[in-house]
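J.: The region 'Disordered' feature in TrEMBL is assigned to 25-110, 128-229. Look at TrEMBL and you will find 54-71, 179-200 tagged as compositional bias 'Basic and acidic residues'. Per TrEMBL, the feature compositional bias 'Polar residues' maps to 101-110, 203-216. The feature repeat 'WD' is assigned by TrEMBL to 504-551.
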Amino acid sequence: MDPAMERRRKEIEDKRARLAELKRQRELRAAESSRSSLTGSPDPTIVHPSPRKSTREEIDSILRTIEDRPRSTGPPGSPALRATRPVSVVSSDNEGPAASKPTTTMVERETQTMSVALSTVFEYEAEPKKEPEVIMYSKEVQTSEEWAPPQSKGVGTSDSERDESPTRTPKASKRLSRRQKERDEEIRAALKKEIADELRAAQQGSEDSAATQTGGKENAPFRTLTDEELNAVERSDEFLDFVERSTKVLERALEQQFDYDILADYAQRTADVDEEDEGYGSSGAKKGRRVKEIAQFYDERWSKKRVISDIDFSTKFPELVLASYTKNTSAPHDPDGVIQVWNLHMHERPEYIFHAQSDILTAKFSPFHPNLIIAGAYSGQVLLYDTRAKSTPVQKTPLTGHGHTNPVYAIDIIGTQNANNIISCSTDGVVCGWTHDILAQPQEFLELTSPPPAKTDDMAVTCIAFPQSDPTYFLAGTEEGTIYPCHRYDRAGAKAGVDSRVKYTNHTAPVMSLDFHPAKGQIDLGDLVLSSSVDWSVKLWKVRPPAATGTSNASAPGGTQNITPILDIAREDLVYDARWSPVKPSVFALVDGAGNLEFWDLNADTEVPVQRVTPSDNKRGVFANMPSGRGSVNRSLNKLAWERNEGRRVAVGGLDAVLTVFEVGQDLGGVETRGEEWGGVKRLVQRLEAAGDVNGK
């Protein structure tokens with residue numbers, strides 16, 4: 001209905017109510033007049049009201065005016081001809097000379113005066129003025145959609161935008177949404193029942209046709225869904241999940257062209273062409289040390305203007321690699337933290353996307369539960385995600401004093417399949433142990449403090465590393481550049497916390513990464529540790545086990561041993577991460593602030609890397625509109641990760657939020673290892689230790 005017509009109708013109803021009130025007041029006046037006539041004669045100065053006939057004519061005139069009917073003719077002085085002038089009805093209970101003068105004045109203005117019992121003034125206008133509509137709301141007044149001011153609802157107007165309209169209450173919008181959901185559920189239930197009946201009839205019909213051999217008649221004829229049924233089906237979670245899974249399967253199948261060349265001409269191929277040597281993105285190096293870029297991942301929606309903070313491969317599904325991202329400062333309404341799980345067989349969009357309310361600083365696949373992802377946030381929370389659930393965490397630690405209150409930069413999952421724990425460490429020196437089932441309160445709480453002669457007790461931990469053989473002992477790298485050995489529990493000769501008898505000092509800037517040797521071969525190399533720092537260096541340490549530490553310190557009570565590295569590798573830029581190869585005993589990789597990925601083989605050379613590559617400019621992320629090449633802005637790399645099963649793939653990422661995956665040759669990766677490789681590393685360590693002892697003397 002038009003708002004103007006509705007307003008007009010409302011005004012007519014109000015005037016009719018006022019006329020009814022006028023009639024009631026007239027009856028009261030007549031009764032009062034009759035009572036006064038019985039008691040005595042009234043004061044002659046009082047002007048009596050107009051006759052009954054004039055009053056009826058006045059009322060009829062007003063009714064004809066507000067109903068927009070033709071006006072009736074009457075005497076020249078009748079009120080019908082002056083309906084456009086306001087008619088005042090004044091009532092007074094004062095019957096004295098004072099009331100006669102204003103009444104006479106009103107008569108001179110050709111306005112009739114009636115005396116009634118109530119002191120109320122009503123003023124009517126035949127043609128109401130057009131004024132802007134003012135809508136008042138209160139708790140007792142609820143408006144419907146008809147009273148909303150007219151507005152154009154475009155095609156792109158979403159339900160959330162309409163719900164936020166000031167003319168609709170939140171309760172009404174929720175009611176409508178709930179009604180729509182209930183309606184959709186009813187339609188889907190009816191369709192499911194109909195399909196079940198058709199399947200049952202088809203199955204019964206197939207049995208009957210097999211028995212009688214009289215097939216040919218359709219038991220379930222084709223029926224076209226109505227628009228309402230079609231919308232209900234398209235909005236269902238089952239349909240959306242089906243479309244999501246189906247499109248992912250198709251994209252994976254289409255991406256198989258990267259693994260197999262469907263246009264290969266076998267007649268033109270020569271025998272001396274090596275696919276590994278001449279693949280796309282291969283670097284120039286001897287056979288076996290080639291590094292080939294195989295994929296780059298970047299999502300315009302969720303990777304834009306973010307920074308990659310951590311990378312990890314799945315141990316159960318080697319084709320899955322996750323990358324955690326910090327906030328996008330130009331999108332304050334987007335989630336601050338994002339985790340994207342990419343598939344090497346699907347390059348255009350991530351397999352999974354997870355969100356967090358704070359920046360994600362570290363994230364890892366659980367090696368014991370392939371569907372779980374553990375992450376550490378800037379808010380101090382430890383988050384647990386499940387690939388079978390939604391994009392939000394299924395569990396998270398509370399923002400209370402029971403856990404971390406500072407950013408969590410390091411997380412590790414240690415233990416066995418039946419007994420494992422999540423170890424997290426924050427920059428305030430607090431180390432917490434959690435279980436996957438309970439994140440409401442830590443199972444272990446350990447506060448690390450700097451041993452004397454440090455100026456303060458505060459220890460800002462940036463990274464931790466556990467050896468393969470002892471989950472109760474770990475190393476902690478700090479912002480001051482010192483690496484401290486720590487114990488989770490009290491043991492003989494040492495208490496839980498920082499072991500003040502030994503420290504590894506040689507870095508002059510914050511330690512960015514620590515990594516124990518995998519030690520999966522013929523010779524135990526589990527005491528070798530790689531550390532990287534922003535002091536432009538990578539150092540190789542030979543860590544002393546806790547038992548040896550206690551024995552050595554027995555001869556020098558109260559003293560602190562300063563352990564120096566056995567190998568110091570100076571680089572040309574900030575080194576953000578360094579990781580051992582999971583299969584090759586002498587190979588490790590590092591990334592630096594210049595955007596380089598370097599591969600080192602200690603058996604081949606300890607001075608220069610055997611291979612150096614840089615990600616291509618196919619997807620430049622935030623540097624898309626900037627020039628590339630020498631002299632341009634470098635795309636710094638701050639994280640790398642090896643694929644742990646075969647060690648043939650390396651993923652790197654950094655400042656531009658582009659995740660790049662490389663494939664290495666057989667000398668840098670692969671399950672095939674020679675016995676002399678392990679022996680070569682052992683002999684190298686012995687020579688370096690001997691040289692260090694000589695230099696120390």
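Glycine is no exception: its Cβ is also placed from the backbone N, Cα and C atoms.
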J.: Return the average pLDDT for the repeat 'WD' (504-551) as a whole number.
T.: 86
J.: Residue counts in helix (H, G, I), strand (E, B) and coil for the repeat 'WD' (504-551), per DSSP?
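T.: Across the repeat 'WD' (504-551), DSSP assigns the residues as follows: 6 helix, 20 strand, 22 coil.
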J.: For the compositional bias 'Basic and acidic residues' (179-200), jot down how many residues DSSP puts in helix, in strand and in coil.
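T.: Tallying H, G and I as helix, E and B as strand, the rest coil: 22 helix, 0 strand, 0 coil.
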